[in-house]
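To start, the structure itself, in structure tokens.
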Amino acid sequence: MGSRVLQLDVPADSEASPRRNVPGSVSSPLMNGEKSLFRNQNAGFTALASPVRREIGNRSLTRSFCVDDNDLEDGKASKERESSIQSLGLPKIQNQAFLSGLAYCISSCSMILVNKFVLSGYGFNAPVFLMLYQNIVSVTIVSTLSLSGAVPTEPLTWNLIKVWLPVNIIFVAMLITSMFSLKYINVAMLTILKNVANVLTASGETYFFKKQHGTQVWIALMLMIISAVAGGITDLSFHAVGYIWQTLNCFLTASYSLTLRHVMDSAKQATKSGNLNELSMVLLNNVLSLPLGIILVLGLNEVEYLLETPLLRMPEFWLVITASGVLGLGISFTSMWFLHQTSATTYSIVGSLNKIPLSIAGIVLFNVRTSMQNSLSILFGLLAGVFFARAKLRDNSPT
């Protein structure tokens, strides 16, 4: 749901940002709105993965955006991400690892919780419009920074758009399904269910790219499946519609990650510099999502609801949804800052551990009915995510 880049937990993350979300679920990403979920895994740009990745986090996704579950990269991707960070000129300041990590955790958690509050707390029934508005906020901010010379972005040429459009269609679908699932499913269960996307992504990497995963990775993925099934069975607030949307979201998140990996080289060749940094992907994803979002708002007849709802006549509501868009984009900046201050290992582990306070906050703030069995299933799934992050990093580290 936000500036989605995203994996995010993507990641997500995850959710995910991933609202705007991003490849690499370093959990997103939103991610906006997972722009995060969405940050993508294979490209090493977690912010792309998710409005709800990543979780629903930043739309750079992506994810719901960091080395989150499905966004753990190989050495080449890590180098590309470091190059992207350096090109953005982020300051390397001593003793700021804690501050950058805290900023990333707060922005990614807040993105998902604010989206949940808008959709469930306010009862806002136009999730596609929410995604569209968050994308507009992201485009406005990134474009302003780019025009002022504060950050470098690639010009949006027709060749680049043609290469990226198929990925963007999946990206938009990922954000929308994340929004719909977040409306019906509590945050803690959503975090666990998003782990299924990791299983699909890992399987896709093995099938399409012949990538071999270690035994510990597959054990962690099996534990994630067990926790998701156990959590669904014991979920006192189970909602079939929400689970259907989330299942679809998992397939789309995996498809986004795998597709992005396939087109990334072509996309770089279509740019003038031969490179495509994270904020360029954020801008590209969100700009291309605007016409698709408008078509969907009209096609799903949300216009009639928007004209009738009193929420759009409340200044405080506009403040909240604008904040959600800023938070979604914030996942992209804070994730890059955090990675610049620490190692990829610390980044990935913190991204996984970040889901624990997010789940607790989701249960407490929204008065979610739960049971001992459901709580244990959620905890089991969260720990499986940490185990997965460690196993994937060990898998990718040189021997």
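From the backbone N, Cα and C atoms, a Cβ is placed for every residue, glycine too.
Residues annotated as region 'Disordered' in TrEMBL: 1-32.
If you look up TrEMBL, you'll see 97-118 (among others) marked as transmembrane segment.
Annotation comment: TrEMBL describes 101-387 as domain 'Sugar phosphate transporter'.
Feature annotation from TrEMBL assigns transmembrane segment to 130-151 (among others).
What TrEMBL lists as transmembrane segment is 163-185 (among others).
The transmembrane segment annotation in TrEMBL covers 217-234 (among others).
Per TrEMBL, the feature transmembrane segment maps to 240-258 (among others).
Feature annotation from TrEMBL assigns transmembrane segment to 279-298 (among others).
Annotation comment: TrEMBL describes 318-339 (among others) as transmembrane segment.
Sequence annotations record features per position, and here TrEMBL assigns transmembrane segment to 346-366 (among others).
Counting residues 6+ beyond its ends, the transmembrane segment (372-389) has Cβ neighbours under 8 Å at 9, 67-69, 72, 188-189, 191-192, 195, 198, 216-217, 219-221, 223-224, 226-228, 230-231, 234-236, 348-349, 351-353, 355-356, 359 in the same chain. TrEMBL lists 372-389 (among others) with the feature transmembrane segment.
Ranked by Cβ pairs under 8 Å to the transmembrane segment (346-366), the stretches 130-151, 217-234, 279-298, 318-339 are led by 318-339. As a quick check, the transmembrane segment (318-339) and the transmembrane segment (217-234) miss the bar of 3 or more Cβ pairs under 8 A, pairs 6 or more apart, so the two do not touch. Mean pLDDT, taken over the domain 'Sugar phosphate transporter' (101-387), works out to 91 on the 0 to 100 scale.
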